Amino acid sequence: MIQEAIYQVINKQDLDLDKTIQVMEEIMEGRATNAQIGSFLTAMRMKGETIDEITACATVMRQKCKRIHPEKDVLDIVGTGGDEANTFNISTVSSFVVSAGGVPVAKHGGRSVSSKCGSADLLEALGINIALSAEQSAEILQKIGMCFMFAPTYHASMKYAAPVRKELSVRTIFNILGPLANPAGANMQLLGVYDENLVEPLARVLLNLGVKRAMVVHGHDGLDEVTLCNTTTICEVSNGNINSFFLSPEQLGFSRCLLKELVGGDPKKNASIALDILNGSKGPKRDIVVLNSALCLYMSYNQITLRDCVKMAEQLIDSGAAKAQLNKFIELSNSFNQEVK
């Protein structure tokens with residue numbers, strides 16, 4: 001099937017849902033060669049992935065992954081990566097703020113692929129044990145309202161595509177799929193994308209996948225976050241509907257900054273930035289965490305304005321609640337002796 005699909009995609013023909021599912025199953029079950037996987041990913045990138053194709057691939061990834069089953073609705077804050085901006089880990093730091101505000105966050109990520117420091121790299125540098133089983137992560141989520149699910153632990157079937165993806169070293173559909181395959185079945189999501197042309201399509205994919213509330217965002221400066229440097233395009237999924245709008249920093253009382261003011265570095269550097277923010281340091285790095293956290297809080301609470309959510313995020317940092325959440329996570333994650341290889 002994958003050979004037939006490669007021919008079709010090379011000729012700029014879209015795949016239907018069923019055929020894409022079959023191809024993705026071949027890849028995830030180790031029935032496709034590295035050459036076939038590389039050809040398929042490259043051809044799909046050049047053609048451009050459709051909503052049906054992305055939905056099909058995400059559906060297979062969700063079916064193949066190890067799952068945890070939260071008792072409550074959970075949220076994921078995640079970016080596709082690939083924006084080449086080398087900012088610090090904005091969404092990961094925001095996770096501590098949002099979960100401190102009573103919104104369960106099931107963060108899903110891995111090590112660096114397109115940046116100097118992935119979410120897993122940052123959390124390790126902060127002293128968090130990421131080598132946990134699904135059961136252990138579920139227990140932490142239940143106790144403190146936050147967990148981190150290290151992607152390789154949950155997506156064993158990705159081992160067939162991972163080497164090809166690393167060798168290609170370009171954006172592929174897998175940059176898009178990771179954020180769509182949360183093992184906790186997160187039904188609320190702030191999803192940042194590297195290309196404005198992906199904003200509405202991925203909102204429709206999330207709708208297809210049954211997500212309850214989501215915002216797909218792209219900064220006009222190229223960031224896969226809600227940005228402080230420019231306007232952000234946002235596509236909101238709510239109650240089965242999709243609504244698109246633009247958001248500028250000024251609308252929520254923020255001053256714009258330069259992109260270079262948001263740049264991070266290696267895990268040690270980004271851990272230092274994260275601690276500075278959680279310890280109350282002011283400036284653009286804090287502001288962009290507050291901004292992204294506010295949108296997550298807004299999705300999670302009814303009858304509250306975005307400006308109110310900005311104030312809430314600021315209070316969660318200034319009161320020490322977000323830092324306390326980090327400390328709880330460090331303590332609980334290191335209380336387990338079992339390691340997942």
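Using the three backbone atoms N, Cα and C, a Cβ is placed for every residue, glycine included.
Taken from Swiss-Prot, the feature 5-phospho-alpha-D-ribose 1-diphosphate binding site covers Gly79, 82-83, Thr87, 89-92, 107-115, Ser119. DSSP assigns Ser91 (5-phospho-alpha-D-ribose 1-diphosphate binding site) to a helix in the three-state reduction. Neighbour count (other Cβ atoms within 10 Å of the Cβ, all protein chains): 27 for Ser91 (5-phospho-alpha-D-ribose 1-diphosphate binding site).
For the recorded site, Gly79 (5-phospho-alpha-D-ribose 1-diphosphate binding site), the DSSP three-state label reads strand. According to Swiss-Prot, the feature anthranilate 1 binding site maps to Gly79.
Annotated Mg(2+) 1 binding site per Swiss-Prot: Ser91, Glu225, in sequence order. Taking a C-beta cut-off of under 8 Å and a sequence gap of six or more, Glu225 (Mg(2+) 1 binding site) has these contacts in its own chain: Gly79, Thr87, Ile90, Ser91, Gly192, Val217, Gly219, Ile288, Asn292.
If you look up Swiss-Prot, you'll see Arg165 marked as anthranilate 2 binding site. Cβ neighbour count for Arg165 (anthranilate 2 binding site): 19 (other Cβ atoms within 10 Å of its Cβ, all protein chains included).
For the recorded site, Asp224 (Mg(2+) 2 binding site), the DSSP three-state label reads coil. Every protein chain considered, the tally of other Cβ atoms within 10 Å of the Cβ of Asp224 (Mg(2+) 2 binding site) stands at 29. Marked as Mg(2+) 2 binding site by Swiss-Prot: Asp224, Glu225.
All protein chains shown were included, and the count of other CB atoms within 10 Å of the CB of Thr87 (5-phospho-alpha-D-ribose 1-diphosphate binding site) stands at 24. For the binding-site residues shown (His108, Arg111), fewest C-beta neighbours within 10 angstroms: Arg111.
For Asp224 (Mg(2+) 2 binding site) paired with Arg111 (5-phospho-alpha-D-ribose 1-diphosphate binding site), the C-alpha to C-alpha distance reads 17 Å. Here Arg165 (anthranilate 2 binding site) is positioned 14 angstrom away from Arg111 (5-phospho-alpha-D-ribose 1-diphosphate binding site), judged by their C-alpha atoms.
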